[in-house]
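Lifted from TrEMBL, the feature list:
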type     : residues : note
DOMAIN   : 18-154   : domain 'Homing endonuclease LAGLIDADG'
TRANSMEM : 12-31    : transmembrane segment
TRANSMEM : 52-71    : transmembrane segment
TRANSMEM : 83-104   : transmembrane segment
Amino acid sequence: MLYSGLERLALTLSADLFQVLFGCLLGDLCAYKKPNGSTQLKFEQSTIHSSYLLHLFSLIFDYCGAFPRIMERYDKRYQRHSYSLWFYTLSLPCFDTLYSLFYVNGFKQIPADIANYITPISLSYWIADDGAKHGKGLMLNTNSYEKVQVELLSFVQLQKPIQEI
């Protein structure tokens, strides 16, 4: 979609979409601060998860300027090609709050007040984005976070059991 400057400033996120994006940012979603000062989001998933990525695109289509594309990468370690599907949103002020919550000096981290934002919607999208079945349970991949941030997640879980979310 193309928006004028005033239209860009007027765009907002619904509460549900904010929760979806919050959950995705706990997972693989990346945010970038652009030179114009607004935030752009990049969604990317392996082509095996293309239906999930297309679902996300359907939720955020009005904030995007182009349709998803396929990217090919060559992994020298395993000498194989991999494919992913990705898209960017437009650079918009309505994403700035999410950027401020998750990024400090350009580095992604767990928000200190995460307990205020975890909802059934955000948790379900975090699981869809970065979760995996582990035995009879669930594993959330937190490899990209520092130990202290993972400990914060554990503390929040103890303070706010899933039944209360």
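Yeah, the Cβs are placed from backbone N, Cα and C, and that goes for glycine too.
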Average the pLDDT scores across the domain 'Homing endonuclease LAGLIDADG' (18-154) and report the rounded value.
89
Using DSSP, how many residues of the domain 'Homing endonuclease LAGLIDADG' (18-154) fall into helix, strand and coil, respectively?
58 helix, 43 strand, 36 coil
